[in-house]
């Protein structure tokens, strides 16, 4: 029966510091080996008489680090003296070196050029990779704590709102005449609605915090542990490769010492990272119990339950609008995550192939790309998990009462004459006090009242059958990418060359809907909407774009009621910015009819053969020069659009290099 390989993430729960320490020690061990070889080169040049001394020093280092290298510095049970395969092999290699002291005289140059420099580069590269991933682990922890803090803030706001209700109730009881009684009743209703909204936000934050906690301990932390385990394995593979190379040099230069060289080779091949990792797990296993879920805590001065407050229209409308926004964002994230999952699958296959045969390519570069994709995927999955939990809770809470699901397309506007707000009925007036308006149904509201308007726009089609609504039930962060099939993404994985690059088309469909639509029917220059940034914006998600203050941008997608618009900067970057951050610019006819100067055609040289997988793709061959279309470099993630044989088509971007 096959024995499952060890897994740090599954078997060493919540022990990331100890795991990364042992990995750091193994990476640092490359430096110990390099130091040994460096000093050995000097000894070889003086003939092998001094080699015995340096071997002794290396042996002392080995003895000093024997326990740390085998089971770490903080084992969960006393060390029984069990030696790792790495320690046993290294001890044998040093013994052979002591016997070879008088024979190794002319290997200095070969060892220096072919071994020491490679070890130095490998150690630096792997240590850099380890530090990056530890920084990312700290970021994940920080993101989790941020969600915890949001939960605490929501609780505080809820408590404050409860206190305000109680204060209003007291004032209501003290009101004497009819005019004050009516005003007090109105204030009581307003305070109660605010309290119920705060309560809803608090309950939602509780669910999100619990989901973040579950994901951290069940997905992210185990994934990080397995990543460091993979880095350990790759470091061991590199060390084994170096030791084998030393053995080969010894065999080439000293036939008389071939027996010693064979012993070193045998010792090198006995190093087994899997066996050493099992030993580390055996001496570092600790019982682990996940922290309990967060529970609703009623305000001490307000008798309440953990049920959502749906008795008043306003809090329910806020939840209905929140559900619409969450579904839309989750739909976009789902496509991005599917694309990243396919990319990771291809890179993992490439990593395994390169690790066992470095003549195929550099495994360190593949690992860097893989871990970067993993980091991006985890970040996207965390965002998706939050949205997914919000949708799940809101759908269960609202049931069939989810509103009309026809969101208003609100745009910011200034009102030079008093205009009543659709929600609070008070006037919106003044150039500096902007509100929002939906032209489709002529509804006006304060900016703060916009989210309270029911999604029943007469000019918008219902969105109940959106893609996120249909596919959300069978899609979760834990099984991401296993049961989904987004068009060409699956065919790319089945194709060996596509799997090796980790390319996927899903990301293109996720982020370029507006771009694709514009390609199908390019608007005239009179239809272009320009805007000026009143404030600078820094992106906080992959869907946003950094834009400095006063920059001129082109509006791609107007505000759909969410308070965001999609824009394109002058350097062709696209993304979301807050609608309230921009001021629209009216283009006069002279500017709009100005002649367009055609841009210089860009060209690229093909690095690898590619066979078209779909009708809208082009086949290319190595060495071929291809012409990119205007904007072809920004067609979609991982793809360029080119013109060939009089027809436009797309090719993988990493199969060519720009000229």
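Note: Cβ is positioned from N, Cα and C throughout, glycine not excepted.
All annotation found in TrEMBL is predicted automatically rather than curated by experts.
It is 323-357, from the ranges 323-357, 358-392, 393-427, that TrEMBL records as coiled coil. Given the ranges 2-47, 48-93, 94-139, the record in TrEMBL names 94-139 as coiled coil.
Residue counts for the domain 'Phorbol-ester/DAG-type' (407-457) by DSSP state, with H, G and I taken as helix and E and B as strand, are 3 helix, 28 strand, 20 coil.
When pLDDT is averaged over the domain 'SH3' (526-587), the result is 81.
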